[in-house]
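Colleague: Have a look at this one before I ask anything.
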Amino acid sequence: MSEQFAVPRSVEWEDTSVKILNQQKLPEKTEYLHLTTKEDIYDAIKTLKVRGAPAIGITAAFGLALSAQSIETEDVSEFLREVRNIKDELNEARPTAVNLSWALKRLVKSAEGAKSVNEAKTDLVHEAIQIQIEDEETCRQIGQNALQLFKSGDNIMTICNAGSIATSRYGTALSPFYLAKTKDLELHIYACETRPVLQGARLTAWELMQGGIDVTLITDSMAAHTMKEKNISAVIVGADRIAKNGDTANKIGTYGLAILAKAFQIPFFVAAPLSTFDPSISTGDDIPIEERDPDEVRQIAGTQIAPKEVPVFNPAFDVTPHHLISGIITEKGIITDRFEEEIDALFSSAKTAKVL
Ligand code: MRU
């Protein structure tokens, strides 16, 4: 499957730089950037050149490993102090996707047992590469677990881009569609354009077409009509942070789709790796919601579409309460009810298996 996978990787480790697919330029241009400093990495995450919760985590991990190579000290404690400072800086790039802090914390931990600075530097690189490798397998497994929810001929709706370029490979919400293709299961995807910055139109439509998946683009305001007219059998979305009770933050517009799905009695699924769960928060009320530049709303692709000074509210994410979610698909299986208990059990077994 991997060899036939036509979608380019979003992030790659290159020893002296971190190569990213510039998602700001898609679909017009397939441009790669070679990032060499922590400032480059921070900027790429902040300005959505690389985006999607797992891809943000992987990029930050690579960025931390890379920046650590130029720390000049032989003292392990001093080295770790500087590594923690860089970690804290990169962690500020975006607040909602917990994969960012999850990956950075995991990286720092990997170097804490090192006996020398050289060993610590090597540990950081190995751990960052390991996070990327694991994410690919995790996403493939999410897709595999999700396949049982769909049958040939289904029309499925999604929002934003929770695809291959938002992860190491395959994606979360889009992963089952790539796997379905290898099994001759015909699924048709309706992708919401995802205002304000159009991840659905620019990225999901492009990515699925690259992968040879059947996709139709709609504007966000067409979701209800499309559910009614096009026999939508399920909605599947990604996630940026999931609280202990199953409340899920994802791209703005997701909550609205969940309410619509409930009204039409369409199952609403969230697909996410365990690295997107935040066991430190009880409910979605505690999830920090990023608010972005008002010009993202006043403009489309640099063209002014609203009065320059009009006040704007631009939250990048919303929180879907767990009671609207039919199931959360993880690499370890699907949680369909008793979210709090099931999430708890998932974390206890993952800890025992040293997955987290
Ligand atoms: O602002 P973005 O583009 O980073 O938002 C991304 C999303 O909301 C995705 O659905 C989520 O990160 C899951 S990616 C597998």
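Cβ coordinates come from backbone N, Cα and C, glycine included.
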Colleague: Among Arg84, Arg94, Arg292, which residue does TrEMBL annotate as binding substrate together with Arg51, Gly52, Ala53, Gln199, Asn250, Lys251?
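Modeller: According to TrEMBL, the candidate sharing the substrate site with Arg51, Gly52, Ala53, Gln199, Asn250, Lys251 is Arg94.
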Colleague: Please report the Cα separation of Arg51 (substrate binding site) and Asp240 (active site, proton donor) in Å, rounded to an integer.
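Modeller: Between the Cα atoms of Arg51 (substrate binding site) and Asp240 (active site, proton donor), the distance comes to 11 Å.
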Colleague: Write down the Cα-Cα distance for Cys160 (site 'Transition state stabilizer') and Gln199 (substrate binding site), rounded and given in Å.
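Modeller: Between the alpha carbons of Gln199 (substrate binding site) and Cys160 (site 'Transition state stabilizer') there are 5 Å.
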Colleague: Round to the nearest Å and give the CA-to-CA distance linking Cys160 (site 'Transition state stabilizer') with Ala53 (substrate binding site).
Modeller: 12
Colleague: Among Arg51, Arg94, Lys251, the binding-site residues in the record, which have a C-beta under 6 A from ligand 1?
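Modeller: By the Cβ criterion, which requires under 6 Å to ligand 1, the hits are Arg51, Lys251.
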Colleague: Please list, in sequence order, the residues in the chain of Ala53 (substrate binding site) that are at least six apart in sequence and whose C-beta is under 8 Å away from its C-beta.
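Modeller: Looking at Cβ-Cβ distances below 8 Å from Ala53 (substrate binding site), excluding near sequence neighbours, one finds Ala97, Val98, Asn99, Leu100, Ala166, Gly238, Ala239, Asp240, Arg241, Ala272, Thr276.
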